[in-house]
Amino acid sequence: GRKGGHKGRARQYTSPEEIDAQLQAEKQKAREEEEQEEGGDGATGDPKKEKKSLDSDESDEDDDDYQQKRKGVEGLIDIENPNRVIQTTKKVTQLDLDGPKELSRREREEIEKQKAKERYMKMHLAGKTEQAKADLARLAIIRKQREEAARKKEEERKAKDEAAMAGKRLQSLSLNK
């Protein structure tokens, strides 16, 4: 039979102690290389330095040096890529939540759209837009038509009342005779 791929095999996990030991060995190796470059003789180092490298309480200085070590040709060539974003971590105390937040293009366009709509409504209510002028002219025409219709109704009502009064007078005159 054939052996399966790596997926069927048992997983092996590295313990935290092994990881710490590997990091310590890498740091010590890097330190020895630096000493060889500086002094030339790395074998006759101070015992204090060797003790410090074996301590597990190595602090920020060593971690920073290790993180600053560049990969590949980065150390040889100085790259200035304007599109490259260097990620910087900020502490919670450094965060500025009250400061102005940069808006996305869609949010800016939405805000501009709302402001334009508000400006248009103000102009419309003031009667300065062409649509408002057309509406006001239409309303004026309708008012005139309604006034004329009300006037005609009033005249017809008066004419009816007069006719009714004239008819009553005739009846009362004819009855009196």
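Yeah, the Cβs are placed from backbone N, Cα and C, and that goes for glycine too.
As annotated by TrEMBL, compositional bias 'Basic residues' applies to 1-10.
Residues annotated as compositional bias 'Basic and acidic residues' in TrEMBL: 46-55 (among others).
Sequence annotations record features per position, and here TrEMBL assigns compositional bias 'Acidic residues' to 56-65.
Here TrEMBL flags 98-113 (among others) as compositional bias 'Basic and acidic residues'.
Marked as compositional bias 'Basic and acidic residues' by TrEMBL: 147-163 (among others).
According to TrEMBL, the feature domain 'Casein kinase substrate phosphoprotein PP28' maps to 81-158. When averaged over the domain 'Casein kinase substrate phosphoprotein PP28' (81-158), pLDDT in the model lands at 88.
Per TrEMBL, the feature region 'Disordered' maps to 1-113 (among others).
Per TrEMBL, region 'Disordered' is recorded for 147-177 (among others). Taking DSSP states H, G and I as helix and E and B as strand, the region 'Disordered' (147-177) has 30 helix, 0 strand, 1 coil.
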DSSP helix/strand/coil residue counts for the compositional bias 'Basic and acidic residues' (98-113): 9 helix, 0 strand, 7 coil
